[in-house]
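Structure first, then comments.
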Amino acid sequence: MDGYDFLSDSQKHDLNSGIAAYLKDRGLEESYEAFMRESHLEGVQLSKKAPLFVQRWNALLRLTKKNTELEATVAVLQRNTYTRAATGLDPKKWVPRSTLAEKTMLVSTQPVHAVAFHPQLPIVASGSDDTAVKIWDCDTGLQTAYLRGHQQGVIALAYSHNGERLASASIDATVKLWDGVMPELPIFTLQGHDHTVSGVAFMPDDKHLVSSSRDGSIRLWDPSNGYCVAVLRCDDTWIRSVRPSPCGTLLASGGNDHKLTIWSMATKEPTHTLHGHEHVVEVVDWVSETFDTTKNGKKPESQMIVASAGRDKKIILWAATTGEMLYTFLGHNNWIRSLKCHPHGKYLISACDDFSIRVWDIENQRCIVTIENAHSHFINSIDFHQQMPMVVTGSSGGEIKTWGCK
C-alpha cells in the first residue's frame, strides 16, 4: 500500500493530469514526455481547464485568507474576554503585577536578544544567537514556526502595525521581511548596512521601515519592494536603537556616543542632539500620549515625549520638540537593556541586567511595580501587547516568559 491509496482512480488521474499540464506549461518537454509515459497518459487528452495544481492553490489561498479573517475575529473576541476578566480595571491601567510568569518557553541554549508581539494575535516572535526567528503561541506556549535565513544572530524584531509583516535584524548586516501571519521564507532581504543591524521599526503608516546599525547609519526602506530610499548618517557611532514618533514626523535614535538624537523625517536631518546619559544608550521609545508638563514654574505645555535608557542605569524622558530633559527615573542597578511604552501611554516598562522588570508611572514620575528575579539571566528584551493584557520578556538564558497584566 502506497501513500496515495486513499485516492480514487479518478482522483489519481486528475492529479497526474495536473502534474503533466504543469510540466507542459512550464516548457519542460523532456520531463513532460517521460511523465506521460510512466503515468500511462500517452494519448490522453489533457483537460483545457485550469490545471489541478492551480485550482487547488487558488482554493488554498481563499482558505488562508478566510482563516486569517477568522483569527482576527477570534483575537477581537479574546481581547474583549480579557477586558471583562481583568478584574474590571481600565485597559489603560493594565500592567504586570504578579511575580509569577504565566508561560515560560525555552527558545534556545543561546541568548534571546529580541521579542515582539503580533499587534492583533496572541503570538510572539523571538530572535536569538542561534540565527533563527521563532514564532510562539502565547496561549499554549508552543512553537508554531521556525524561520531560517539569517547567517548570524537575530538581535531586533518588529511587526508592522497592521500585522502583515515581520522584520528581523541581524549581526549579518541584513534585515529580512517575513509574512506576519504565515511566515515561511523571507519575502525580501534588505541589504545595504555594512555592519550589525541592531534596531528596526515600522513607520506608523507601515509604508516604510527604519533600521539602525553599527555602521553609523539609519536606513529608510520601502517594504513593498525591499529598496532603500534614504540614508541618515550619525558620526560613525553605533546606533543601537531607532524609533519613529507616533505621528511619523520624527525619529529618535541612541547609541554608543551617549546621545539621543531627534531627526526630522521631512529633512532627514537632526533637529536636536540631547546630552544627559553618561554611557551607551541601549534603547529609545516614544510615549504614545502627550502630557502636560510643568518644570521650574513654567506654564504647562502639551509635550510629545521620548524616553531613552542605557548602561548608566538611567531612564530619561525628553520633550521631543524642544529637547528639554523632563524627568530621570532611577532604580535599576545595572545596564537597562530594553524599554517599552504602554500601549495607552501612561506607563513605561523596563528590563535590565539586574534580572528585574520595573513599571514606571510617567505622570506621577515614580516606579509602581518591581518584579525582582524575573529571569535568572540578563533580560535583553521586553514588549507590551498592543491589545491584550500581556507582557513578554526574553533573556540571555535562552528563554522567554509571558506575564499577565491586571
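Yeah, the Cβs are placed from backbone N, Cα and C, and that goes for glycine too.
Look at TrEMBL and you will find 10-42 tagged as domain 'PAC1-like LisH-like dimerisation'. Here the domain 'PAC1-like LisH-like dimerisation' (10-42) returns a mean pLDDT of 80 for the predicted model.
The repeat 'WD' (105-146): residue composition by secondary structure is 0 helix, 23 strand, 19 coil, according to DSSP. Per TrEMBL, the feature repeat 'WD' maps to 105-146 (among others).
A Cβ distance under 8 Å defines the sequence-distant neighbours of the repeat 'WD' (147-179), meaning residues of its chain 6+ beyond its ends; these are 110, 113-121, 125-135, 185-191, 193-202, 204-206, 209, 211, 213, 215, 221, 223, 226. Summarising the annotation, TrEMBL assigns repeat 'WD' to 147-179 (among others).
Annotation source TrEMBL lists repeat 'WD' at 190-231 (among others). Counting same-chain residues at least six beyond the ends of the repeat 'WD' (190-231), those with a Cβ under 8 angstroms from any Cβ of the stretch are 155-162, 164-165, 167-171, 173-177, 237-244, 246-248, 251, 253, 255, 263, 268.
TrEMBL lists 232-273 (among others) with the feature repeat 'WD'. In terms of DSSP secondary structure, the repeat 'WD' (232-273) contains 0 helix, 24 strand, 18 coil.
Sequence annotations record features per position, and here TrEMBL assigns repeat 'WD' to 329-370 (among others).
Residues 75, 78-79, 82, 86-87, 89, 91, 94-99, 101-117, 119-120, 122, 124, 126, 128, 136, 138, 335, 337-343, 349-353, 355-357 of the same chain lie 6 or more positions beyond the ends of the repeat 'WD' (372-406) yet place their CB under 8 Å from a CB of it. According to TrEMBL, the feature repeat 'WD' maps to 372-406 (among others).
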Report, as numbers and ranges, every residue of the chain located at least six residues beyond the repeat 'WD' (329-370) whose Cβ falls under 8 Å of a Cβ in that stretch; write 'none' if there are none.
91-97, 282-289, 291, 305, 307-311, 313-317, 376-387, 391, 393, 403
Grab the same-chain neighbours of the repeat 'WD' (105-146) for me: Cβ-Cβ under 8 Å, and only residues 6 or more beyond its ends, written as numbers and ranges.
71-72, 75-76, 78, 152-163, 166, 168, 170, 176, 178, 180-181, 183-184, 377-378, 380-388, 390, 392-402
Could you give me the DSSP helix, strand and coil counts for the repeat 'WD' (372-406)?
0 helix, 19 strand, 16 coil
Determine which residues of the chain contact the repeat 'WD' (232-273) at the Cβ level, with the cut-off under 8 Å and only residues 6 or more beyond its ends counted.
195-196, 198-205, 210-214, 216-220, 279-286, 288, 304, 306, 308, 310, 316, 318, 320, 322-323
